[in-house]
Amino acid sequence: MEKVLFIGLGHMGASLVKGVLQNNKEDIEVYGFDAIKEVQQKALNEISNLKSISEISDIKKLQINCIVIGVRPIDVKELCEQIDNLNLANITVICMANAVSISDLQKSFQKSKTISIIRMMPNMNASIQKSVTALATNNASADQLEFAKNLFKNCGIVEIIDENKFGTFTAISGCSPSYVISFYKAMTEYATENGFSKEQSFEIIKQTIIGSILNVSDPKLDLRKKIDQICVPGGSTIEGQKILDSEKFEKIVKKALKAADQKAKKL
Ligand SMILES: NC(=O)C1=CN([C@@H]2O[C@H](COP(=O)(O)OP(=O)(O)OC[C@H]3O[C@@H](n4cnc5c(N)ncnc54)[C@H](OP(=O)(O)O)[C@@H]3O)[C@@H](O)[C@H]2O)C=CC1
Ligand SMILES: O=C(O)[C@@H]1CCC=N1
């Protein structure tokens with residue numbers, strides 16, 4: 001029986017635990033631990049079958065095989081050093097903290113030499129099992145990576161990528177739900193400002209966005225041609241598209257992604 005411990009049950013940690021336990025086909029035991037006892041208790045109340053530990057040293061007593069770190073980047077080093085002091089062997093450590101590299105993590109594990117490290121970047125859509133999660137490693141075995149992949153497939157899709165792509169991946173997947181929601185917010189606000197109820201505007205715009213993306217999901221498509229097909233000459237769409245183009249909408253989006261990408265390389 002594999003025993004997985006999630007440390008940090010905040011927004012991201014708790015969302016992943018929910019996904020894992022709702023779909024658990026792997027026959028694993030899932031434990032949770034958070035420094036804030038109210039946060040830990042909230043997760044235990046809300047997620048059935050989640051077990052808890054009361055202190056880090058329980059990792060050794062319970063023979064946890066896999067630790068998933070979901071604390072903020074600034075707290076990772078101290079936490080890893082605390083875990084390292086337990087002198088663990090043959091354990092997988094998966095860390096989702098932004099901009100914390102595999103080599104940063106390895107430096108914190110000086111005593112527990114047989115620790116396999118997997119870097120991970122999920123996104124907030126894990127809360128509805130729609131995360132796009134990246135994993136990278138340079139010392140985990142194929143079996144350990146497969147275990148991690150199957151674990152997080154319970155929360156959405158999983159891509160194995162090279163660690164040097166983590167900055168860009170973080171921007172286009174970890175951070176981008178925020179940018180997509182900004183777009184959705186502007187659209188729904190426009191609808192409600194012009195007489196639609198919130199319920200109706202959310203439904204209309206949700207379905208329009210989902211439909212538009214599904215309609216152009218073939219990578220062979222030329223997206224500008226698709227845009228031009230909707231912009232009927234002399235029609236309405238072109239008037240809005242002219243504003244997006246002259247205000248350099250695509251350039252602004254890329255600028256935002258670049259800023260996030262650079263920050264994900266070094267916080
Ligand atoms: N939010 C997002 O969309 C995404 C976040 N991430 C990454 O996930 C991680 C968590 O983010 P998020 O869930 O948003 O953050 P939260 O602040 O919501 O959750 C982090 C939790 O971990 C607790 N914690 C801190 N140190 C320890 C410790 N030593 N032992 C146990 N618990 C501890 C925190 O308590 P306290 O408040 O006391 O510090 C807090 O409750 C971050 O590293 C972030 O980079 C990755 C992808 C997406
Ligand atoms: O903003 C952050 O740093 C984290 C990583 C991706 C999403 N949230």
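Glycine is treated like the rest: Cβ placed from N, Cα and C.
As annotated by TrEMBL, domain 'Pyrroline-5-carboxylate reductase catalytic N-terminal' applies to 3-96.
The secondary structure of I7 (NADP(+) binding site), as reduced to three states from DSSP, is extended strand. Here I7 (NADP(+) binding site) comes close to G13, F33, D34, I56, I67, V68, I69, G70, V71, L79: these same-chain residues lie at least six apart in sequence, with C-beta atoms under 8 angstroms from its C-beta. For I7, G8, L9, G10, H11, M12, the entry in TrEMBL reads NADP(+) binding site.
Per TrEMBL, domain 'Pyrroline-5-carboxylate reductase dimerisation' is recorded for 163-267.
Counting other Cβ atoms within 10 Å of each Cβ, the binding-site residues G8, G10 show the lowest value at G10. In the three-state DSSP assignment, the secondary structure recorded for M12 (NADP(+) binding site) is helix.
Taking the mean position of the Cβ atoms of I7, G8, L9, G10, H11, M12 as the NADP(+) site, the remaining same-chain residues with a Cβ inside 8 Å of that point are F6, G13, A14, D34, V39, G70, V71.
Neighbour list (L9 (NADP(+) binding site), Cβ cut-off 8 Å, at least 6 residues apart, same chain): V17, G32, F33, D34, V39, Q40, K42, A43, G70.
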